[in-house]
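Reading through the structure tokens given below for one structure.
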């Protein structure tokens with residue numbers, strides 16, 4: 001019996017190994033990771049982002065979305081920032097990421113931090129920090145950003161397609177996608193208030209709901225009949241103001257994407273949508289908690305990964 005028992009133990013441990021690595025990695029993060037190695041790092045990041053926001057307040061939303069798209073593919077490792085190379089299509093050039101923006105902000109922040117502390121602060125941490133700072137500068141909530149991530153060296157467009165939720169995703173699939181990342185239904189509802197949506201939607205992301213929902217020239221019955229014209233701006237005014245207007249639009253059945261409307265089809269997410277509509281403080285609190293959780297997904301710490309010199313390229 002001993003050999004069989006040993007084999008069973010081995011198989012169980014092998015199955016748990018990836019989860020143990022992820023837990024250990026997340027424990028390698030801490031608030032103030034650069035306090036000794038680059039004490040001004042977070043100040044440099046905040047001041048650089050503030051300079052961009054002062055010129056154009058709409059840059060905050062793309063920075064937040066970058067963080068989401070990074071963490072949902074290979075974890076929060078900065079892989080979304082890598083450029084494609086000859087014969088190799090990177091995440092940023094995958095269909096779900098073609099509307100991503102804010103790469104110039106990341107590059108500017110990285111250059112400023114490199115000047116102060118060469119080879120110390122990772123691009124993955126910069127993405128997490130600028131996401132928070134952009135939200136705060138748009139009068140949104142603040143949260144403590146854990147740092148200590150290292151940068152990944154792999155970026156595959158196919159993985160972005162497989163892991164980033166599409167505008168057509170239904171509630172069951174959305175919940176499953178978030179669960180695979182260690183996020184709850186509450187995290188799904190809270191994060192949906194600002195991400196993964198982007199300010200300006202491509203028409204093909206919602207035209208089916210208006211004109212051919214089931215393939216018979218009909219409209220999505222969950223869409224408000226009062227909306228006879230399509231609004232390209234997803235949530236008017238939200239690009240420069242962090243608030244709960246998204247939830248009010250979902251309750252009014254004016255959510256642009258199917259992935260918005262479907263939040264009302266599950267009791268947990270529906271109740272939270274109504275709760276956030278009536279309580280900005282509840283939304284701000286839960287959003288901050290969910291951002292901390294999201295920032296821990298699949299991180300590389302310790303000797304794993306690298307600290308890139310340039311965020312768009314792996315080190316030689």
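Every residue gets a Cβ built from N, Cα and C, even glycine.
No curator has checked TrEMBL annotations; they are predicted automatically.
The active site, proton acceptor annotation in TrEMBL covers 69. Annotation comment: TrEMBL describes 165 as substrate binding site. Among the features that TrEMBL reports, Ca(2+) 2 binding site is placed at 235, 243. The annotation domain 'Plant heme peroxidase family profile' is assigned in TrEMBL to 28-315. Feature annotation from TrEMBL assigns site 'Transition state stabilizer' to 65.
Structure with TrEMBL features highlighted.
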residue	record	CB count, 10 Å
65	site 'Transition state stabilizer'	23
69	active site, proton acceptor	23
165	substrate binding site	18
243	Ca(2+) 2 binding site	18
Rounded to a whole angstrom, what is the C-alpha distance between residue 243 (Ca(2+) 2 binding site) and the residue listed as 'active site, proton acceptor'?
21
In whole Å, note down how far the CA of residue 165 (substrate binding site) lies from the CA of residue 65 (site 'Transition state stabilizer').
12
What's the CA-CA gap between the residue listed as 'active site, proton acceptor' and residue 165 (substrate binding site) in angstrom, rounded?
9
Taking every residue in the domain 'Plant heme peroxidase family profile' (28-315), what is their average pLDDT?
88
